[in-house]
Amino acid sequence: MEIRPLLMCFALCVVYATSKPTEKKERIHHDAPLSSREHDDAQGFDYDHDAFLGQKEAKSFDDLSPEESKRRLGVIVEKIDGDSDGFVTEVELRAWIKKAQKKYIYENVDRQWKDFDVNNDGMISWEEYRNVTYGTYLDDPEPDDGYNYQHMMARDERRFKMADQNRDQIANKEEFTAFLHPEEYDHMKDIVVLETMEDIDKNGDGFIDLNEYIGDMYNHEDEMEEPDWVATEREQFSEFRDKNKDGKMDREETMDWILPSDYDHAEAEAKHLVYESDSNKDGKLSKEEILNKYDLFVGSQATDFGEALVRHDEF
């Protein structure tokens, strides 16, 4: 069974506390790049292969005949068409690509699911999660390990409620994924910021000052010389993090720090696919248009090929 969200946080804190004091703690969340290659279709579709297949799976895709791959691409187009109107929009393409990006996250959730779905009803209630995660700890009101499990449980419950969009205290697979990986969901960003500020804001004033900011990432020891990157982070705080120059970061500034608005590679790829394939320029793609541009789409992760194109039982 894997370590749970706040228990994981405490475990990481222990590791950090015992690590070398010059090691930097990273809190910034970035989307993983679609590929390490340059995106240059004039030179081939290597970027698209890596981005949508994954580098390991790309070779298995090469084993399929063009005819079979094209047939399976047609099946996948129907999956991308979320509203089943016979067309694939840019929004649907972006959603599919983002889902492919999160494949490793869904696999992680699948591994944990059976641990929490105690009654095997295909859902996970807050009670199930609480009992599995905290049951043994709550039996001892005064544990000798120094952790406040009541506080940890309260924070987990708050996050669970935020992920539970229909407010029924029961999580389906997508809601549980948002609970375990809140940084991946727009509606969970506020809770990520709140939890981060609670962790770093030691004086409880609702802000993160320079000392708290540095103290979170650098474990100073008296006789150790401060590493160069700490001075760089002090400058980063003053010049870029603290936008209104009041000497501290509020929630908005903290969000800009830990959840930066990076370039949306999935959106750019979706726009690229539509632009290259939309022969009648109506802003959406028919199945025929996609299959006519077979080479482009086979080389794009809009198909999550690593699994979808070589998994025979789904076709």
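Placement of Cβ uses the backbone N, Cα and C atoms for every residue, glycine included.
Computed from a predicted structure; not experimentally measured.
From the options 64-67, 144-147, 184-187, 312-315, the stretch Swiss-Prot describes as motif 'Prevents secretion from ER' is 312-315. Checking the candidates Glu175, Glu183, Glu195 against Swiss-Prot: the one annotated together with Asp164, Asn166, Asp168 at the Ca(2+) 3 site is Glu175. The annotation in Swiss-Prot ties Asp201, Asn203, Asp205 to Ca(2+) 4, and of the candidates under consideration, Glu212, Glu221, the one tied to the same site is Glu212. Counting only same-chain residues 6+ beyond the ends of the domain 'EF-hand 2' (104-139), those with a CB under 8 A from a CB of the stretch are 1-2, 4, 7, 147, 149-150, 152-153, 156-157, 160-161, 164, 169-173, 176-177, 180-181, 184. Listed in chain order, the residues near the Ca(2+) 4 site other than Asp201, Asn203, Asp205, Glu212 are Ile200, Lys202, Gly204, Gly206, Phe207, Ile208, Asp209, Lys248, each with its Cβ within 8 Å of the site Cβ centroid. Take the CB of Asp246 (Ca(2+) 5 binding site) and look out to 10 A: across all protein chains shown you find 11 other CB atoms. It is Asp282, among the binding-site residues Asp81, Asp117, Asp282, Glu289, whose Cβ has the fewest other Cβ atoms within 10 Å in the structure shown.
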